[in-house]
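Per TrEMBL, the features are:
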BINDING   His2  Ni(2+) binding site
BINDING   Cys70, Cys73, Cys87, Cys90  Zn(2+) binding site
Amino acid sequence: MHEVSLCRQVARTVTRATGTRRVVAVHLDVGQARQVVPEAMQHAWGFVVRGTTLSGATLHLRTVPAVLHCADCGAHRTLDRSFGFACTDCRSTRTRLISGEEFVLTAVDVDP
């Protein structure tokens, strides 16, 4: 379960940035292609922050769709759950992922 290691890294980053201030919420943008399971991430977050200065901070995840660009026909399409990388318009396999690999800490809410 790579969600635990991801949460540990986020917790370290947030702790360094906030010092002793009480963190209320942490916001992440997570790309669909990262294959993060939101429920597992939430569970891992609770486990990782328990007993730390981040205890009680909620984790908010926003899923960023995985979008492909076709080099042959120029089409853009959102990947479905099958993660097929061929263009659905022209069947070309000359595609590249243009979004969906994000893992970005977008905001940290702290008590004033």
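Yeah, the Cβs are placed from backbone N, Cα and C, and that goes for glycine too.
Taking the features listed in TrEMBL, we show where each one sits on the structure.
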| residue | record | DSSP (3 states) |
| --- | --- | --- |
| His2 | Ni(2+) binding site | helix |
| Cys70 | Zn(2+) binding site | strand |
| Cys87 | Zn(2+) binding site | coil |
Which residues, in sequence order, are found in the same chain with Cβ within 8 Å of the centroid defined by the Cβ atoms of Cys70, Cys73, Cys87, Cys90 at the Zn(2+) site, excluding those residues themselves? Ala71, Asp72, Gly74, Ala75, Thr88, Asp89, Arg91, Ser92, Arg94, Thr95
List the same-chain residues at least 6 positions away in sequence whose Cβ sits under 8 Å from the Cβ of Cys90 (Zn(2+) binding site), in sequence order, or say none. Cys70, Asp72, Cys73, Ala75
I'd like to know which of these binding-site residues, Cys70, Cys73, Cys87, is least surrounded, judged by other CB atoms within 10 A. Cys73
Give the distance between the Cα atoms of Cys87 (Zn(2+) binding site) and His2 (Ni(2+) binding site), rounded to the nearest whole Å. 30
